[in-house]
Amino acid sequence: MSQKRRAGTYLWTVMMPSLKYQKGETVMGRWPGSSLYYEVKVLGFDLKSQLYTVIYKDGTELELREQDLKSTSGFQARSRSRSRSPGRRRSRSRSPGRTTRRSSSRTAAAVAAAAITDNAASSRRETRLRDVEVTLSPLQPTKTPENNGNNRHEKNEDKLKVENNTANKINESEKKVEAEPEKIQGRYNLRRRKDDGDAKSDEAKVEHPEEKEAKKAAGATFATPLDFGGKIGAYFWLLFLPAWVLFLVLHVNQEDPSLATFPPPLPPLDVFWDAQALSFIILWILFQALLYVTPVGKLSEGMPLRSGERLKYRTNGFFAIVVSAVAVAAAVHYGVDLTYIYSHFLQLATGSFLISFVLSIFLYVYSRYAAPEQLALGGNSGNVVYDFFKGHELNPRIKNFDLKFFCEMRPGLIGWCLINFAMALAEMKKQGLDAPSNSMILVNLFQLLYVVDGLWNEEAILTTMDLMHDGFGFMLAFGDLVWVPFTYTMQAYYLVSHPSPLSVPALTAIVILKLVGFYIFRKSNSEKNAFRRNPSDPKLSYLKTIPTATGKSLLVSGWWGMVRHPNYLGDLLMALAWSLPCGFSHLLPWYYMIYFIILLVHRDSRDMVECRRKYGLAWDEYCRTVRYRIIPHVY
Ligand SMILES: NC(=O)C1=CN([C@@H]2O[C@H](COP(=O)(O)OP(=O)(O)OC[C@H]3O[C@@H](n4cnc5c(N)ncnc54)[C@H](OP(=O)(O)O)[C@@H]3O)[C@@H](O)[C@H]2O)C=CC1
Ligand SMILES: CC(C)CCC[C@@H](C)[C@H]1CC=C2C3=C(CC[C@@]21C)[C@@]1(C)CC[C@H](O)C[C@@H]1CC3
């Protein structure tokens, strides 16, 4: 076990009677790098770093020392027209080229929070600006074997670099505010990013704004609000998800898989267990693990973690699927009967479930030895069942082997294509065909394209919610190893014994739908990924952005200016194209479509909450500008 892993005890508390300020209390918090105080609400206290987490009125969360907080009494409110924002004052007191030690968050707070100054401090403010004492965030550099260099920067050096990065943009915004004080609420930048001038070259030189955000949250071990129905919900999902897979698998086996035959008859218990099926699953996972560790392909950097470090991932997914395809073709050539997958579907699913369950237990136990900053904020509730379900540790790794990334991208995803292929063979066998039906070919090709595209663009997965925010626990282990391979294959499974002939016009229309969906999905995901990786990319300079308090910007034109989740829209159109070839006789092949609508609407809501927390008013501005979530003018 790596040295950095240590007992994961909660080092923070929400109610500490001995603390000067309590959770929920409204106090005055000094704005980093200045003598200005703003009204803040105390969210918690971190025992380890001895910092209070506070939230400003604009939603910006920072961590402050006790001496940077004061009680509200003794402060005098200044009217907005008279008080100068920290930004304005700064632009007068400093030359643009001079290094500022101010946080970029200040911009947002300056426009949103009611500026209230401490009288004594006010008179000394110009001189005291030089004496920066407020700690934005504690840095907790940790090293990983793959990433030793990432945390070598000195804390102050990091701060200077990052703040320089945003300085020019802030200057630009500040000028606007001086000119249009009445627009104070809506201060965001709708300039073309090309016009950023120096800001852009600065951005290219310095570290990513994401790193600043990551560092800001470095010491935070606060859990975010519970999701999925909270603690009770976790019990429910633990039982419901496996039961649902069982239901689908049993249901699809019936001649008439309609709701009229609900519930499907339950086979005797011994039917579920097959040691051979389990060993095939284990072999498949080991084979994929071997391909994953093969030193072929790029080592890609993930997004900065709360500790500031960036993990490296072997993104050789495309290589893995090509080698797997060759291996499968060779096996078929030498007489391996892949229709075994069709006839032992239930047993294979049971075997995968057992593996995902054992893996989840291992992950939870393993996470107990992780350092606090390695835990997922969303899976750190303190409730064993909830954290087990949601995922306690963000990026569990055994040496360089990233368990979450591997499970999400390899055995289940490539297994999905293998199962689909087996279903095509089973259809030919069962229906006495020389070739798979048109519907089966479409379903196979469409889903293969989806998986191959995901593996080809594997690096883009590193900026998705699962990789950045979700811990690795039962939900994802089960999702990756059971849910994806054994429920996403429902259409192909269904077609084996339920032929659904397609006319040429219908086939053409479905292909067009799939291609349109794919285009939207790929373009929007690539746009966001490229922007997050390099906001100064000249190829993206035509895009408009909203700067946020974290230093990161939000795209507000291009795909992300059309709806808030254009990638979900593309994905949903593709899902529709996967179900249509199966016709309308039964609900079962439409299961994926229905499930996917629920999943993506829920993901969108989760993301909204998370982004609102991260970006505060800037997110509200984004939502006002881009009004629809997934479908333009509808939702
Ligand atoms: N087939 C399947 O089962 C599933 C497929 N998917 C697909 O996977 C892909 C990834 O989805 P998912 O991880 O849910 O979400 P996204 O890839 O959409 O990631 C959401 C994140 O993007 C960033 N973001 C949001 N708005 C903007 C903006 N305007 N400008 C810049 N960045 C923005 C935010 O992160 P930050 O600001 O922190 O960078 C936000 O948290 C999607 O295409 C989805 O359809 C997803 C789930 C299941
Ligand atoms: C069991 C739960 C109810 C839900 C589990 C959800 C998981 C199955 C999905 C969460 C996000 C996923 C993504 C993909 C597969 C499904 C899961 C793991 C992709 C890898 C599929 C291919 C795309 O190109 C990218 C997707 C990213 C998110």
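Glycine too: its Cβ is placed from the backbone N, Cα and C atoms.
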Per TrEMBL, the range holding transmembrane segment, considering 102-123, 388-409, 542-563, 608-629: 542-563
Averaged pLDDT score, the domain 'Tudor' (19-77): 74
Positions whose Cβ lies under 8 angstroms from the transmembrane segment (502-521), at least six residues beyond its ends: 438-439, 442, 446, 449-450, 453, 559, 566-567, 569-578, 580-581
Residues from the same chain, set at least six apart from the ends of the transmembrane segment (472-496), whose C-beta lies under 8 A from its own: 228, 237-238, 241-242, 244-245, 248-249, 252, 257, 285, 342, 345, 348-349, 352-353, 355-357, 359-360, 363-364, 376, 379, 387-396, 403-404, 407-408, 411-413, 415-416, 419-420, 423-424, 426-427, 430-431, 437, 439-440, 443-444, 447, 466, 578-579, 581-582, 586, 588-589, 591-592, 595
Candidates 234-252, 342-366, 542-563; stretch with most C-beta pairs under 8 Å toward the transmembrane segment (272-294): 342-366
